[in-house]
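Single-structure report; data block below.
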Amino acid sequence: NEELTLEEKAEICSELELQQKYADIASNIIGDLSSLPMVGKIVGTIAAAAMTVAHVGSGRLDIEQTLLGCSDLPFDQIKEILETRFNEVDRKLESHSAALEEITKLVDKSISAVEKTRKQMNKRFDEVMKSIQDAKVSPIVSKINNFAKYFDAEKERVRGLKLNDYILKLEEPNGILLHFKDVRTPKDDSLQSPLFSIIQERYAIPKTVDDELAFKVLYAILYGTQTYVSVMFFLLEQYSFLANHYYEKGDLEKYDEYFNNLNNVFLDFKSSLVGSGASNNEGLIDNVLQVLMTVKSNEFLGLGKNSLEEMLNEKINLFSKIKEEIEGKQRMTLSETPENFARISFEKDITTPIGDWRDSREVRYAVQYASETLFSKIGHWSDPVSVRAKACPTLRMPVDQTRRNVLVFRKFDNSKPQLVGEITPYQSNFIDIDRDLYNAASNPDSAVGFMEFKKLISNGANIRAVFNQGRTVFHAAAKSGNDKIMIELTFFSKYTDINQPDKKGYTPIHVAADSGNAGIVNLLIRSGISVNSKTYNFLQTPLHLAAQRGFVATFQRLMESPEININERDKDGFTPLHYAVRGGERILEAFINQAGIDVNVKSDKGLTPFHLAVIKNDWPVASTLLRSKKIDINAIDENNMTALHYAAILGFLETTKQLINLKEINANAVSSPGLLSALHYAILYKHDDVALFLLKSSKVNYNLKAFGDITPLHLAVMQGRKQVLSEMFNIGININQKTAEKYTPLHLAAMSKYPELVEILLDQGSNLEAKTITGATPLNLATFKGKSQAALILLKDEVNWREPDENGQMPIHGAAMNGLLDVAQAILYLDATVLDIEDKNLDTPLNLAAQNSHIDMVKYFIDLGAKVNTRNKKGQAPLLAFSKKGNLDMVKYLFDKNANVYIADNDGLNFFYYAVRNGHLNIVKYAMSEKDKFEWSTTDNNRSDGCSGECAISHFAVCDAVQYDKIEIVKYFVGTLGHYSICSPLHQAARYGHIHIVKYLVEEEVLSVDGSKPDTPLCYASENGHLAVVQYLIRNGAKVNHDCANGMTAIDKAITKNQLQVVQILAENGVDFRRKNRLDATPFLTAVASNSYEIAEYLIREKRQNININEQNGNKETALHLAVYYKNLQMIKLLVKYGIDENIRNGYDKTALDIARDNKISSIVEYLQTKSGKFRREYKSSNGEHDLLHENRISNFTDSKNLEYQHQHFINADNDASQSFSNTAANQNIDVIGTLLLIDVLIRRFSKQGYINNKPDSASDGIAQAAALAITEKFEDILNSLHNKSTEEQVDFAEVHRKIYAALRSGRNSQVHQVLCSSLKSISTLKPEDIKKLVSVVLSFQSSISLPEVSASAREVYGETLHLFHES
């Protein structure tokens, strides 16, 4: 078997979500161990160890991942990743000019935010690409994918280059920078074109919860947009780097060129991404945000797409932040290029030669504006001035009117320019002297440097002037080692001067220690410098730097300071002793001889100096540490890794031998949480020589079990280490060892990429029939992991091919699932009876082969006589599988093999529906042509969705074609076959918002825009908020006031679903605001009753002339009454704000405040009493018949405690009498209490009572008589509907009427409930089916109410009440 390439292995392992984990650890390892005293190999080693821990996960080494070779990644891929990262870090360590620092910060911050989420999407996007088959969409998405892959590949390739190659690559004519700049152009291979095509065609807007194509395209547009943004930041990063590079080289012309490119790239991309304010054009991010908001607003998101909603919110936040970041940055640079107004005169008496000043040389000056974080380009160079006898001229220039600082640059002849100083806003004279002082201190010729220093100081040079990376003359002298200058500086300076840090936190003593200038270090210590000060990024002290460089003399001078802390830690917890490991034996010897040194000191990751010496494979250094009697050779890091573990991981054979020979060594120490020993690691990382040595050592336990009971033998099989296995067999190891999951070595070999190991283990007597914890034999695993060779080897050895695992699956099922035809043939040759054998999911081999599209396998099984109509537990069958995937040839083949064409899955979907839903027109046409086998007019009893009676396949097929937005199939059904009325396609297209289908049906098939059903297409589109469809229908003559079903209009539908934009469109197109619906409510009242605050506000504010804010419904209720009923304080405030009359009384003589008081809604009462201004009035309670007739709202019914109490009290009063009734009902799952409550609601509606007031109000005789009679008659009608004669015999309705009348007349209203419940309890023959019928009859009476003094609107309210109860 050939080894997988790194790319192939990475792809396989990424499917196990390991690749990203490794890459993330590799990316972070630089940051985590950035101050490590050695990088290169040591960081790679620690990264590998860290990844092994990640690989082990919660403690168990994942067998499948190891078998795939994923454990190699820490040493294969990590090396590539780290090399790339180190090259990148090396480049970034170059100093940035001040002008580029802020840009670099912005770019780094933004790249990390965008790239993090883009990398997370990368793997998923490949899956999306493979699954998109749509002819229109696939080419567009492919462009996004192709560009993204090219961008990633080029970006990573460039970043891995060394500095010179990196520069050459970036500056290639017509190279990657130019190509990436074209991403925002409409070129065919750009990103702009496909992204806007998707947006404009609305391909990323899902029509239904099952619109998988749209969800995939949505994923694509998000990935593409993030790539677009990444391209911008990548370009900014590269142009910033190039500008900085040439700034450091002194090529200011090149610097200006790239500085200008940097700004232009930003402005161009800013315009494309967030639009141009001048033209009001929306940018890409705005369009994408609109798409996200549209998708988020779809109601079906709650139906199983919660993770999608979470993703949408995440992306909305991300793109909003990116937009804010880009919009907030007006420019990357100052737009103005400074003019050079400098007048140069030599006024100082400083004679040449000094520093760079030599007679006959020519000097030029250029300036740059600096304003907060923005910088301009560097201006043109001044005319040259010849140097004649004098140096350090004075520059005079006008004060900048905008109060910007001016940076001054100097260049001699064609040499590298230097920054020589900064002119403050109110300064007009500048003496060019301070840079020469800095240069004098930097001069390696200390005598010349000192002489120049003295002359410049005497002429007023400033020792505090700041230059490169914030360094002063103190830093320069510390680096050059000029002790005379340093003596002068320390004599005249303040304490703060000698402790002044540069931009990275290096003080002069840091620089001296890093340069090995022991004398300067000694001088600075005596001057009182802080000897333990730390750098900013890595928190290194001067002692860290001296130790790393191996400067023994400097170390000794530092140690003479009484304040020195020899164990001071850096950012990652490394002490100077750790750094000394890199410095060598001499410096290490000097360290361990110091009093107070901790030779076993650990870093934050738990690494000791001895760990580092072994990882560095530097045994002389390790031996030096061993000379300390206190050294702990078995010290462990945070993962319980000893030095021996690292030697085994790295494959250092000689170091491993040295360690094993140490008397105190613990050869069997195990890591945590994986419990892996050095032997485990040597095998895991394929270091055979180390593993063989450890196997032969008497100190090593070769049967040691890691977490999950994985032994070295198991690992040797997983990694295919034949030589190691041979040695294990020689020493008599048990070859049937089992892991915690009962894997034997033979199981692992059967799953591995080393089939030859199966034969080797069989020759050693491995158990063929051993089972894992899931009941799988080696043969089971070989077939289910697709290992054909291993399976065939096992089959030759008289293995049991009928052995099922815990899922009832046999080797034949695994062979079928993975298309192992040769294995299936071998099994069926041995035993033909397994051809149709089912697993626990009722899957046969044929069904599994079909589900996985193994065509040859399917045909082979059918040719042998397999049952072609096999169905599993979900109803999946071969014909359904191939139809779903669009394989016409296999559909034809199965037709010819007499497959049942009407076979359906558990959702009632047959092959025809699958073809329709997935847009496979070829299969649809073929099916329609096979009339002798398939007839779409056949009644389908498997489905009932959207069909009130018996419907044919044709009905569901047309409905599906429209719902799933398959326009070509719709055209075929409607246009070609002429089925205009089946499933009302125009209505369905409007319901689901498929505008192109709507247009086709109206324009090409000339269907009426108002349809022929009670509900019009406009009704459906309005209710579901499909703006484009609503606008189109109206433009094409749809009647906006046409009746919808249930006596509503389109605007009513839109209002009840809170579709504000639809309401606005309808309002502008002639909707009748005075028209009342079946609830006797206008659109305005409907908005209030629907709690649609935004719509109510819009109607009041924008359509005031069309509405009457004080209008009343049939019960004389105003919007304020309704808002109180629904306890909507926000709505109440809105109505009061716009002047609604609070004094209006409803049909029961109640104001809104009365109702709030009756229902004890304290917040509303308080507001209406105290905060409603001029409309407030004193409330006077009136007693009498109005209380009895007051009709309460549904919310009050559900809130009532009185009814529940009365009902429960009554039921519990006679448990014995009701026992049989209750038991029977309970056994039949009948909601008796709910039924009684429903009847109670019915009766209270008839009596116009609502829930009974607690105070005993008596009613007038006439009203009480009428109400009692109405209640009794309706109660009798309901019971008579049961056609139960004993019911009529057992209930005395005259007595019922008498008791109800007495209760109402005396004001004891709550007794009505008891009277009716008592009557029901007296019916001993009432059965559960009677209760069910009772409920249905109660509901049916909503359409046949005839009671005294009950208005039509009251009946409608009553009907709505019953409807809501029924729904609940």
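Yeah, the Cβs are placed from backbone N, Cα and C, and that goes for glycine too.
Marked as disulfide bond by Swiss-Prot on the basis of similarity to another entry: Cys392-Cys1044. Shown in sequence order, Pro1014, Asp1015, Thr1016, Cys1019, Ala1050, Asp1052, Lys1053 are the residues of the chain, 6+ apart in sequence, with a C-beta less than 8 angstroms from the C-beta of Cys1044 (disulfide bond).
Summed and averaged per residue, pLDDT over the repeat 'ANK 2' (504-533) gives 95. Swiss-Prot lists 504-533 with the feature repeat 'ANK 2'.
According to Swiss-Prot, the feature repeat 'ANK 3' maps to 538-568, an assignment based on sequence analysis.
Under the heading repeat 'ANK 5', Swiss-Prot lists 605-635, citing sequence analysis as support.
Taken from Swiss-Prot, the feature repeat 'ANK 6' covers 639-669. Mapped onto DSSP helix, strand and coil, the repeat 'ANK 6' (639-669) counts 16 helix, 0 strand, 15 coil.
Remote same-chain partners of the repeat 'ANK 9' (741-770), defined as residues 6 or more beyond its termini with a Cβ less than 8 Å from a stretch Cβ, comprise 1, 4, 63-64, 67-69, 708, 713-714, 717-718, 720, 722, 725, 729, 735, 776-779, 781-782, 785, 787, 789-791, 793-794, 797-800, 803. For 741-770, the entry in Swiss-Prot reads repeat 'ANK 9'.
Annotation comment: Swiss-Prot describes 774-803 as repeat 'ANK 10'.
Swiss-Prot lists 841-870 with the feature repeat 'ANK 12', giving sequence analysis as the kind of evidence.
Residues annotated as repeat 'ANK 14' in Swiss-Prot, with sequence analysis given as evidence: 907-936.
Sequence annotations record features per position, and here Swiss-Prot assigns repeat 'ANK 15' to 953-981 based on sequence analysis. Across the repeat 'ANK 15' (953-981), DSSP helix (H, G, I), strand (E, B) and coil residues number 21 helix, 0 strand, 8 coil.
The repeat 'ANK 17' annotation in Swiss-Prot covers 1013-1042, and the record cites sequence analysis as its basis.
Swiss-Prot lists 1046-1075 with the feature repeat 'ANK 18'.
Taken from Swiss-Prot, the feature repeat 'ANK 20' covers 1115-1144, and the record attributes it to sequence analysis.
The region 'Furin-like endopeptidase recognition region' annotation in Swiss-Prot covers 1174-1177 and is backed by similarity to another entry.
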Field: Tertiary contacts of the repeat 'ANK 12' (841-870), as residues 6+ beyond its ends and Cβ separation under 8 Å
entry: 807-808, 812-813, 815-819, 821, 824-825, 828, 832, 834-835, 876-879, 881-882, 885, 887, 890, 893-894, 897-900, 903
Statement: CB contacts under 8 angstroms to Cys392 (disulfide bond), restricted to the same chain and 6+ apart in sequence, sorted by sequence, are Phe346, Lys348, Ile350, Ile354, Trp357, Ile431, Asp432, Ile433, Asp436, Leu456, Asn459
- prompt: Sequence-remote contacts (6 or more beyond its ends) of the repeat 'ANK 2' (504-533), Cβ cut-off under 8 Å?
  reply: 469-471, 474-475, 477-479, 481, 483, 486-487, 490, 495, 498, 540-543, 545-546, 549, 551, 553-554, 556-558, 560-561, 563-565, 568
Query: For the repeat 'ANK 12' (841-870), what does DSSP give as the number of helix, strand and coil residues?
result: 16 helix, 0 strand, 14 coil
